[in-house]
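Q: Before I ask anything, here is the structure I am working with.
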Amino acid sequence: MNYQVIIPAAGSGKRMGAGYNKLLMNLAGRPIILHTLDVFETDPNCSRIILVIHSADEPFFTEIKSRYTKIYIVYGGNERQYSVFNGLKAAEAEGIILVHDGARPFIRPETISRLVQSARECGAAIAAVPVKDTIKKVIDLEVIETVDRSSLWQVQTPQAFRFSVLESAHEQAQKEQYLGTDEASLVEKIGHTVKIVESDYDNIKLTTPEDLYFAEAIIKKRNR
Ligand code: CTP
Ligand code: MG
């Protein structure tokens, strides 16, 4: 089942604090973004990788592009949502399209294929894991209530959509100047159902420096 993927990689990695885009940082001997790109480059069902970059990182990406056959490079915007929207314009307007953060190198091919399947059936499907911790609602450092955890899921990427669904959602958000934190929130806004595909806890987003320790541990575990 073929699909295209948009990979937003145009952030600046402020919370990682490296002073440059975190995706170019080294993880087990290679830049983080190459770990992510390899998953899709080697997936025979992936027909196109739309890689969204910042112009400051162009020298790096021009250098690595020749090693990949599926990559189209486009420029990002100053919010993740705008980067994805730019990516969408470079996609073929048909079939299933995924959006996957460049900062999540541990996505499993098996999860990708379940997402593609679910998006084909329902139009929109997102990777997520059940919340493990007890979550409380707090105002001014005072607990208001303990939220029922059984219905809470922690959302990840990939998020998979029928192309027409993601396009309508983005166009509507643009019109209303709505800025969501993920693609699914835009799709929810247009009243479309979004399904969950249970992913795993390895699929972390590398956000702060300690995530690099977790990442090294995951790689070690997988190499065993
Ligand atoms: N991203 C993007 N365009 C932006 C902002 C983010 O393409 N304007 C990408 C990032 O490169 C990353 C993904 O979206 O792969 C998820 O964003 P995040 O983890 O927040 O990365 P950064 O925005 O780079 O980090 P920070 O928020 O700490 O600055
Ligand atoms: Mg960010």
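Yeah, the Cβs are placed from backbone N, Cα and C, and that goes for glycine too.
The model shown is predicted, which means the values in this text are computed figures rather than measured ones.
Straight from TrEMBL, here's the annotation block:
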- R15: site 'Transition state stabilizer' (SITE)
- K22: site 'Transition state stabilizer' (SITE)
- R149: site 'Positions MEP for the nucleophilic attack' (SITE)
- K205: site 'Positions MEP for the nucleophilic attack' (SITE)
Q: In angstrom units, rounded to an integer, how far apart are the Cα atoms of R149 (site 'Positions MEP for the nucleophilic attack') and K205 (site 'Positions MEP for the nucleophilic attack')?
A: 22
Q: 10 Å Cβ neighbour count around R149 (site 'Positions MEP for the nucleophilic attack')?
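A: Other Cβ atoms found within 10 Å: 13.
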Q: Distance between K22 (site 'Transition state stabilizer') and R15 (site 'Transition state stabilizer') at the Cα atoms, whole Å?
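A: About 9 Å separate the Cα atoms of these two residues.
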